[in-house]
Amino acid sequence: MNINDILKKLINKSDLEIDEAEELAKAIIRGEVPEILVSAILVALRMKGESKNEIVGFARAMRELAIKIDVPNAIDTAGTGGDGLGTVNVSTASAILLSLINPVAKHGNRAVSGKSGSADVLEALGYNIIVPPERAKELIHKTNFVFLFAQYYHPAMKNVANVRKTLGIRTIFNILGPLTNPANAKYQLMGVFSKDHLDLLSKSAYELDFNKVILVHGEPGIDEVSPIGKTFMKIVSKRGIEEVKFDVTDFGISSIPIDKLIVNSAEDSAIKIVRAFLGKDEHVAEFIKINTAVALFALDKVSDFKEGYEYAKYLIENSVNKLNEIISLNGDLTKLKTIMVKSSG
């Protein structure tokens, strides 16, 4: 593969084939391409607009080069991040609820543009985010929950970290996280930062051997199920891709004021989650339940979103004990108790 020829092709706004993209991604991730060319390629891809084949090729490369673990029938709630609204980390809270009934391999990283990525909030709750593969299998067996820290499970990505930081713009790597779970999770609720990317990412997911993925983008521009209005969805399964629109009132509840969901830090997010689990923050609790409802539908545990919401109401009642179990087996209960104390007021 001639990198300069690839660059010329991208500058001419020609899309790469899947195999070309996969080979290119492997070379970049392994550190075989000079940084100045990596920068040029990432910018050219962004300016052209990443194609489905390019995303699939890059995702396959990242999956192949990742540290892998086997977690049958797992679900992930990782999204793209980057919506910039700074809401409470609902995907992590939903993952904890889901682990009451199904294996959860939560893939995630530190915050992209929000105040609290999944790694940040789990650390604030006392969780040890560096979990080696053998330990990960043990935790899944004992608790149905493990966090797979992207920086640990994709070690070769350090070869592009400097370029990405220097560029300071979104690149193709920002949208690959949800498609590259090291446990090869077959089920997923995937928040998407832009409505315009739903179609592209759903078509990419269809090529990547998932059983069922629900991609969501909600009003007012949030990479979650909308707390205030419509959620635009793509449901990806072996049968194809279905487009769905769903309103928060279809759950039988009123809209949730977005300002009640904003956080200032990872600790603030952790406190809001614990308060919701304790029944002390109804707004955040509702936000967690509506997102969990859609994840339950992705798992085929319920027949529709309304039934998923009713199931989520039951799960959140058992969430505090589950959180204690998760932290006690892989974390610092003292930190969790500190959050609990701050949440009790």
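Each Cβ is built from the backbone N, Cα and C atoms, and glycine gets one as well.
Small disclaimer: the values here were computed from a predicted structure and weren't measured.
According to Swiss-Prot, the protein carries these features:
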BINDING   Gly79, 82-83, Thr87, 89-92, 106-114, Ser118  5-phospho-alpha-D-ribose 1-diphosphate binding site
BINDING   Gly79, Asn109  anthranilate 1 binding site
BINDING   Ser91, Glu224  Mg(2+) 1 binding site
BINDING   Arg164  anthranilate 2 binding site
BINDING   Asp223, Glu224  Mg(2+) 2 binding site
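Locations of recorded Swiss-Prot features on the structure.
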{"residue": "Gly79", "record": "5-phospho-alpha-D-ribose 1-diphosphate binding site", "contacts (Cβ under 8 Å, 6+ apart)": "Ser91, Pro178, Leu189, Met190, Gly191, Val192, Phe193, Asp223, Glu224"}
{"residue": "His107", "record": "5-phospho-alpha-D-ribose 1-diphosphate binding site", "contacts (Cβ under 8 Å, 6+ apart)": "Asp76, Ala78, Leu148, Ala150, Tyr153, Gly177, Pro178, Thr180, Asn181, Pro182, Ala183, Ala185"}
{"residue": "Asn109", "record": "anthranilate 1 binding site", "contacts (Cβ under 8 Å, 6+ apart)": "Gly81, Gly117, Ser118, Ala119, Phe149, Ala150, Gln151, Gly177"}
{"residue": "Arg110", "record": "5-phospho-alpha-D-ribose 1-diphosphate binding site", "contacts (Cβ under 8 Å, 6+ apart)": "Gly117, Ala119, Asp120"}
{"residue": "Arg164", "record": "anthranilate 2 binding site", "contacts (Cβ under 8 Å, 6+ apart)": "Leu42, Thr171, Phe173"}
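Most Cβ neighbours within 10 Å, among the binding-site residues Thr87, Ser91: Ser91 holds that distinction in the structure as shown.
Under DSSP, Glu224 (Mg(2+) 1 binding site) is assigned to coil, being neither helix nor strand in the three-state scheme.
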